[in-house]
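Straight from TrEMBL, the features:
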type	residues	note
REGION	1-21	region 'Disordered'
DOMAIN	21-213	domain 'Poly(A) polymerase nucleotidyltransferase'
DOMAIN	218-362	domain 'Poly(A) polymerase central'
DOMAIN	365-403	domain 'Poly(A) polymerase RNA-binding'
REGION	408-469	region 'Disordered'
COMPBIAS	423-444	compositional bias 'Basic and acidic residues'
REGION	546-567	region 'Disordered'
COMPBIAS	556-567	compositional bias 'Polar residues'
Amino acid sequence: MGSPGLINRNNGQQQQQQRLGITEPISLGGPTEYDVTKTRELEKFLQDAGLYESQEEAVSREEVLGRLDQIVKNWVKVISRAKRLNEQLVQEANAKIFTFGSYRLGVHGPGADIDTLCVGPRHATREEDFFGELHRMLSEMPEVTELHPVPDAHVPVMRFKFKGVSIDLLYAKLSLWVIPEMFHKTSMLHNADEQTVRSLNGCRVTDQILRLVPNIQNFRTTLRCMRFWAKRRGVYSNVSGFLGGINWALLVARICQLFPNALPNMLVSRFFRVYTQWRWPNPVMLCAIEEGSLGLPVWDPRRNPKDRYHLMPIITPAYPSMNSSYNVSSSTLRIMTEEFQRGNEICEAMEVSKAEWDTLFEPFSFFEAYKNYLQIDINAENEDDLRQWKGWVESRLRQLTLKATWDGRRSSEAKVANNSSADKIEGKGVLDGSDEGKKRKRIDDDTENNLRNPKGYAAMPPSGGEVHEGSPPVGIFAQNGELDGILRCSLPDKGLPANNDTSSSKEAEKLAIDKIMSGPYVAHQALPQELDELEDDFVYTNQGKGSEWAAKGSPVESSLSNTAVEQTNESIAAVTRSNGAGPSAYLYPNGGSEELEPAELMAPLFNGISSAPPVAQPKPLIRLNFTSLGKAAGKST
């Protein structure tokens, strides 16, 4: 573990390093023996949870990146000669591979994909050379599989697997012949088109985060912890209106700036304490927003009316600064605020030895938390069509939940969970009668039965393995499709004692947090119809993998092969109306309908669980079915 603090002793004198952040730290206090012990316990917990890749996998990733760098360098030579450049320019022209995202931050887990950026010279075009010649070269390599170019995405990307390692490859063309080792300088964006700026933004933001934290190792451990916590609690998904990887990284980095000498156990505790008290929409910023000389738009609610709608601004530190949490709605902000409060209470209980780390990471009990559910089924003719359907539907789930929680007068709550994994498609259809197909059909049947009796569900791991009674068929996969493990279904602990510590240090921290608030920004709640008109200008790398579909339209227009159904992909959105709503009719899977009694709707909820007595009838279920099968057969869908 890295150095625990910023204070260095030299000849008996303390020399404080340069302050990081836009304000003074809240505390410069160093770790105690208790902090050292609890941090070791936390690191062991994360190790036991399987969040670290093996040394063998780490070496394999390095080899893949080295090979990919060789490929793009050779690619530039090929296209340079094809464009009849003189030999000197051919020899000088080069391209480089850079990484960003969780891999660059050092918080990736086993099997995670690698976000990469190919930076090329001025004569290497995106359309003809990157998606043309480089795509052709990759398609002819036996090590490359599942090659999937998406040139029309908001940020164009080429996805593939290289020796089994998932790669997302972006492209940026600089107005240079020779590509430098670093491109954090704003001048690198000169004459760059919008797609290049977006593509570069992922690397520039990631590198800037690492420059702005006082201790990288402590930052990494804390971020790994918070990512795992967010996935367990069902709030890790910017596509669904929560927060994604870059958002959590920025929030953690700000806590590291405010407590520069703290170890991860204290940073986790202070994370919850600070953001429980944070007055949104005051923005979280690691550094001052740079206006820049290139005239690119930056986040500024005083000048940009669209920015005033943002409820939870988390600002990227690299020019052009933008809000990385654009998708957050009032409903998802309320859910996250409640989760921050829960985390704060547990951390305070841990300080008096009345809770442990496993209490903090208890998974959210999705099928016990809500009264009403919406199930979305996606059917496709083949694997490629399914992947396109999945991305298209996921990119629209946020708007669906916004409309589902707004009745024209007030908003209620909706939460999305997924039972899907585009990277782990079994390759067997639910209609083919095979063992895999039958197993998948059992999962679908159990999903339906579980909505009628959540506590009786037994989850079936897609690749086999132990089955845990009471596990819901959601929350098993991360948003990006990585297997996150079967989660035991358990209710949040309602009996956690609150820490009654009213010491001067806690009061001082509260005052410091209040001081950090830079003043209210103009913001108001946007209606769903207003949000429909707002374009999401944030980059693909910071907004999740589903954003490409906004530019492509419905994948139902793609050509379909006449093969059997290969997979069913399910997303389940839980919808619960606020108190005072009238009775509603809900559709059951068998085609019947049942109207909820007003008493059920009026029953207050505590920690997401109704206080009304258990009701024998099935839980209301709305079921939507997106399919391309009818169109392929010449039928209406």
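Just so it is clear, glycine is given a Cβ too, placed from its N, Cα and C backbone atoms.
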Mean pLDDT for the domain 'Poly(A) polymerase RNA-binding' (365-403), rounded to an integer? 81
Helix, strand and coil residues within the domain 'Poly(A) polymerase RNA-binding' (365-403) as assigned by DSSP: 23 helix, 9 strand, 7 coil
Write out how many residues of the domain 'Poly(A) polymerase central' (218-362) are helix, how many strand and how many coil, based on DSSP. 74 helix, 6 strand, 65 coil
